[in-house]
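Here's the structure we're looking at; comments come further down.
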């Protein structure tokens with residue numbers, strides 16, 4: 001055998017071992033997410049960030065871009081997920097890994113790491129998607145109701161241990177002995193401050209009540225409590241479910257709280273980003289004085305307030321209220337349209353005209369198409385139910401009444417539109433002001449002056465008639481002075497006689513009134529008569545009663561001389577012709593003209609302040625107890641009483657021509673009136689009255705009294721029309737009773753009444769017998785003036 005060169009068997013090439021190593025590397029490369037060869041142009045993130053990027057890319061590749069958007073929304077504030085932003089430097093690496101995972105090239109990383117670390121890493125890798133999925137599931141499951149509260153947990157308040165023991169011990173006894181024990185304890189310890197927690201207004205009362213409930217459940221447990229405890233002891237899973245639900249509820253509450261805080265934070269940031277001082281002037285509009293623009297008309301404060309109320313009503317009630325307001329405005333427009341033709345005829349009332357115009361308009365208009373039926377009305381509320389006893393269900397139902405056009409009534413005081421339901425209250429409030437009559441008259445006058453064009457037909461007719469009466473030069477045949485009617489100059493008003501009431505307070509006023517009514521010619525005639533230069537007219541200057549002209553005059557009866565008292569001095573009587581009445585000499589006070597006086601019953605000199613009641617003239621026999629004077633007696637100057645004409649004496653003398661230069665004579669006072677005068681001719685005073693007791697003895701029984709009421713047209717609230725009121729009263733009644741009856745008959749308050757009987761102002765506190773009132777007595781009623789002197 002030929003031996004050849006011995007060649008040694010070469011050792012196994014290292015490739016075998018090397019080939020083994022790449023296999024391990026390939027196996028390990030399946031776990032290593034990093035590529036075998038780095039890609040040029042991509043920035044690789046650090047290892048801690050690369051792990052998050054790779055895991056996110058794997059989930060995005062499997063779940064789609066919706067999962068990426070969800071992660072971006074949930075982790076918007078997490079800086080570790082900034083690689084999701086396109087501007088981030090690691091975003092290119094993230095996109096590269098997503099494409100690799102979609103193509104199946106990329107694998108999970110597994111570098112030379114201990115096995116324990118690899119297991120932990122795998123656990124964390126598997127834990128992340130589970131967390132994300134758990135979050136997605138938890139967002140869908142929301143706890144509906146809160147878990148039941150803990151029954152045996154009550155946080156003790158911050159009080160001392162002794163007080164806490166007192167509260168707990170009291171709660172135990174109350175739970176054991178019942179509420180009756182609590183009531184007795186409260187009554188017994190109501191003054192003990194340590195038991196103040198038993199009062200409901202105390203701060204520890206709620207804690208005490210909670211303890212009582214807990215002790216009661218322990219001492220007297222409910223029915224299902226034992227079965228529940230037994231079930232939970234046998235099945236701990238149920239307790240865990242309750243705990244899990246409570247935890248989920250706590251997490252849900254926390255998420256809601258965080259969400260609210262985030263919304264508030266976003267809103268705060270948004271407000272903080274606004275620059276409130278940064279603005280841009282886009283355009284400046286200047287309006288010239290003569291420029292005309294399409295602007296709304298100016299509004300008054302009243303219209304502005306009405307618009308604000310309408311807006312508030314619309315915001316509060318919505319569109320329904322606006323519809324009602326539009327309906328009301330349409331009704332008002334119809335009323336305005338109806339009032340325009342109604343002005344042509346003023347003889348009818350406004351309501352009749354409105355009704356007539358409505359009928360005419362309805363007759364002219366085409367009947368509208370049938371509308372949809374109205375929905376049934378709501379059931380009446382209890383306060384609107386009206387029970388009718390005479391209701392007959394079988395009777396024919398009346399036609400539905402037409403809608404009342406007078407829902408709003410015009411107030412006669414203010415002229416405003418007032419609802420009919422509130423008119424009574426409006427009138428009551430409006431009439432509280434006593435000046436509403438003046439305001440109403442003033443407004444009517446102003447309205448008439450403004451609306452003269454629309455005067456009614458009767459006013460125009462009366463105005464033309466008055467114009468024709470006073471312009472006879474145009475409308476008449478007989479011409480008079482312009483502005484005067486035919487026969488107006490002949491008709492003269494009767495002179496109003498000025499009468500002094502006897503009070504010093506009215507002296508100046510009466511004097512002025514007397515001077516205003518006397519002309520210059522009358523003053524000259526009075527001076528001539530006083531000087532005796534002109535024969536006196538006996539028919540005018542005569543004082544006292546006189547007989548009518550058609551009755552033949554008779555001589556005085558001889559029996560009248562017997563009435564002279566024996567104590568009086570002898571008086572010589574001078575016979576006089578019966579046809580000539582005695583003239584009167586009057587005293588004229590300086591600066592006061594002589595006025596013709598009405599005939600008076602008697603002449604008596606009275607002190608100032610007395611009152612002379614005018615009496616009608618009564619025909620009787622001539623007097624003989626008068627002191628004669630020469631016919632040419634000069635005027636006698638008397639001391640200055642009130643500035644009126646004062647008759648001094650009767651001068652019975654035959655008519656003889658007066659002597660121009662008579663000798664002065666001393667003043668002669670008239671004698672007192674005789675007792676034979678009738679009682680109506682004598683002026684009474686309280687001193688001359690008969691005592692009340694004596695008058696009651698002489699007169700018994702009730703008397704009939706007549707009260708003469710004045711005619712005062714300006715006092716419309718009182719019935720003062722000049723009528724006479726007759727009352728029958730006993731003599732013992734006071735004057736105040738008469739005033740009460742006058743108030744009942746006329747409405748005049750007793751405080752405004754002033755009663756006068758035979759020249760005496762009677763007082764309320766005195767009786768009728770005090771003033772000697774007999775049957776047929778006449779009492780004059782007057783108005784008590786305010787602010788004047790007490791009368």
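The backbone N, Cα and C atoms fix where each Cβ goes, and this holds for glycine too.
Per Swiss-Prot, the features are:
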COMPBIAS  366-382  compositional bias 'Pro residues'
COMPBIAS  664-673  compositional bias 'Pro residues'
CROSSLNK  20  SUMO2 cross-link
CROSSLNK  131  SUMO2 cross-link
CROSSLNK  422  SUMO2 cross-link
CROSSLNK  497  SUMO2 cross-link
CROSSLNK  540  SUMO2 cross-link
CROSSLNK  684  SUMO2 cross-link
REGION    1-41  region 'Disordered'
REGION    318-411  region 'Disordered'
REGION    486-516  region 'Disordered'
REGION    528-582  region 'Disordered'
REGION    664-684  region 'Disordered'
REGION    678-700  region 'Required and sufficient for nuclear import'
REPEAT    52-94  repeat 'SURP motif 1'
SITE      169  site 'Critical for binding to SF3A3'
Local Cβ density at residue 497 (SUMO2 cross-link) - other Cβ atoms counted within 10 Å: 13
Secondary-structure category, per DSSP, in which residue 422 (SUMO2 cross-link) falls: helix
Residues in the repeat 'SURP motif 1' (52-94) grouped by DSSP into helix, strand and remaining coil: 32 helix, 0 strand, 11 coil
Per DSSP, three-state class assigned to residue 169 (site 'Critical for binding to SF3A3'): helix
Integer average pLDDT (0 to 100) for the region 'Required and sufficient for nuclear import' (678-700): 71
